[in-house]
Each structure stands twice: as structure tokens, then as C-alpha cells.
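Record features (TrEMBL):
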BINDING   GLN44, TYR45, ARG46, GLU47, LYS48, ASN79, SER117, LYS146  4-amino-2-methyl-5-(diphosphooxymethyl)pyrimidine binding site
BINDING   ASP80, ASP99  Mg(2+) binding site
DOMAIN    15-198  domain 'Thiamine phosphate synthase/TenI'
Amino acid sequence: MEIITDAKMRELLKVYFILGSTNCTQDPLEVMHQAIEGGITLFQYREKGTGALLGEDKYKLAQAIQKLCQQHQIPFIVNDDVDLALSLNADGVHIGQEDESAAAVREKIGNKILGVSVHTREQAYEAIQQGADYLGLGPVFSTTTKEDAKAAAGTALIQTLRKEGLTIPLVGIGGITAENAPLVMAAGADGVSVITAISLADSVIHSTQKLCQAVYG
Ligand code: 3NM
């Protein structure tokens with residue numbers, strides 16, 4: 001696998017959907033079918049929180065979702081679990097600040113996509129220096145999805161990093177909806193990363209399409 005270009009990464013980040021079994025009330029595979037049909041551009045499997053699947057169950061769901069993503073050419077990224085990503089030959093890994101260092105993960109995954117969640121300017125520069133392909137900045141708006149999420153930070157950090165000349169592909173995350181997505185794009189993000197706005201929508205297809213419209217403008 002070739003290392004991903006910034007231009008390709010930016011394209012993939014447009015409508016970046018994250019899901020685990022605890023984020024939906026219906027069958028995650030059904031949600032995935034509809035989200036793909038609605039137009040998601042990238043996917044992250046994030047099996048976290050109370051009641052999250054473990055071991056074989058986690059592996060099996062990841063594998064089923066990956067297969068669906070492959071059938072539709074949507075790159076499949078695994079949150080945190082480098083071993084799972086390697087055993088599935090996933091397209092990439094996304095890590096937070098509590099996980100292994102970005103440099104250590106880069107060593108293990110070679111040219112696969114590496115995303116890092118950052119919450120401060122310093123963390124952003126460090127992640128870039130350690131080889132991140134893209135950054136996730138959040139929470140932009142308040143969210144109840146991540147149990148240990150920080151307070152909503154708005155779009156200020158995105159704007160600051162862009163003003164300083166950082167060109168790394170980046171997405172906003174946290175409480176993003178079709179209504180507020182244009183603010184995130186206007187601040188300088190390449191795309192938006194969402195869980196609830198898609199996973200718990202009454203109509204997953206319709207909500208994904210609305211989000212796409214909001215992002216592409
Ligand atoms: N990371 P929703 S906020 C997974 O701030 C995650 O890094 C965040 O879910 C961060 O779209 C978040 O439902 C939850 O708000 C995003």
C-alpha cells in the first residue's frame with residue numbers, strides 16, 4: 001500500500017462515519033448499508049463504551065462491516081485496536097491521546113492510514129511530527145456519545161491551526177449535524193466526523209444525504 005496523499009485523504013474525510021454496536025438501536029449492518037447508500041466517504045469501527053463487544057464478537061462484527069465497506073470502496077479504519085486492524089488488514093488505525101503514541105502505531109502499521117484525535121495546538125503539532133495522516137479535532141460541539149469527552153471547544157482550534165499555515169488533512173468531531181457542519185467547513189476543516197447524526201437518525205439514508213449536502217455546499 002502506498003502512503004496516502006493529502007489530496008486523497010481530504011477527499012476521504014468529507015463525510016467520515018464512525019460506528020460501534022453501542023451507537024445504534026438497529027442492526028449495525030443495516031445502518032452501514034444505509035449510510036453507504038447515503039454517501040459516506042470513510043468509515044471507522046469504534047467499539048467502545050458500556051456494553052461494547054469484545055473478543056470474537058467484536059472481531060466478527062468488524063469483519064462483516066469491513067466486507068461491506070470493501071464492496072463499496074469505502075476505506076475501513078479501526079479505532080485504537082492495532083492488533084484488530086492488522087489481523088483484518090484494515091485500511092488504517094485511529095488513535096486518541098490515551099492510546100499508544102502515534103510514532104509507535106506508525107511503526108506497526110507501515111503505510112496504512114493513521115488518524116489522531118487532538119484537543120490542543122501542541123497535540124496537533126506532535127501528532128503531525130509523529131506521522132499522522134490526518135487529525136480529528138474535537139469536541140467541536142457538545143456530545144454525549146464519548147463518555148470521557150472534553151467540553152465543547154467550538155471551531156477556534158481549527159481556525160488557529162489553519163491560520164498558522166498547517167495544511168494537514170483534518171476533520172471536526174463532536175456534536176456535528178447537517179445544521180452545524182457548514183460552520184466546521186468554514187473554519188477550515190476538510191470534512192466532518194459523526195456518530196449520532198447518522199447512527200441514531202430516523203432515516204439513516206436521508207440524514208447522511210443531508211450531511212453530504214451540508215459538507216459539499
Ligand atoms: N471523539 P457524536 S467527540 C468519538 O472530541 C469522539 O475527540 C471526540 O460523536 C473527540 O457525533 C466523539 O455522536 C463523539 O457527537 C462524536
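For all residues, glycine too, the Cβ spot is worked out from N, Cα and C.
Please treat TrEMBL annotations as automatic predictions, because they have not gone through curation.
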Largest CA-to-CA spread of 4-amino-2-methyl-5-(diphosphooxymethyl)pyrimidine binders GLN44, TYR45, ARG46, GLU47, LYS48, ASN79, SER117, LYS146, angstrom: 16
Rounded to the nearest Å - Cα separation of TYR45 (4-amino-2-methyl-5-(diphosphooxymethyl)pyrimidine binding site) and ASP80 (Mg(2+) binding site): 9
Distance from ASP80 (Mg(2+) binding site) back to GLU47 (4-amino-2-methyl-5-(diphosphooxymethyl)pyrimidine binding site), taken between C-alpha atoms, in Å: 9
Three-state secondary structure, TYR45 (4-amino-2-methyl-5-(diphosphooxymethyl)pyrimidine binding site) (per DSSP): strand
Listed binding-site residues with Cβ under 6 Å from ligand 1, out of GLN44, LYS48, ASP80, SER117, LYS146: SER117, LYS146
Cβ atoms near LYS48 (4-amino-2-methyl-5-(diphosphooxymethyl)pyrimidine binding site) (within 10 Å, other residues, all chains): 20
Structural state of SER117 (4-amino-2-methyl-5-(diphosphooxymethyl)pyrimidine binding site), classified by DSSP into three states: strand
Rounded Cα separation (Å) that holds between ASP99 (Mg(2+) binding site) and ASN79 (4-amino-2-methyl-5-(diphosphooxymethyl)pyrimidine binding site): 10
Rounded inter-Cα distance in Å - ASP80 (Mg(2+) binding site), LYS48 (4-amino-2-methyl-5-(diphosphooxymethyl)pyrimidine binding site): 10
Three-class DSSP secondary structure - ASP80 (Mg(2+) binding site): coil
Integer mean pLDDT for the domain 'Thiamine phosphate synthase/TenI' (15-198): 97
Spatial neighbours of LYS146 (4-amino-2-methyl-5-(diphosphooxymethyl)pyrimidine binding site) that are distant in sequence (at least 6 apart) but have CB under 8 A: LYS48, PRO139, GLY174
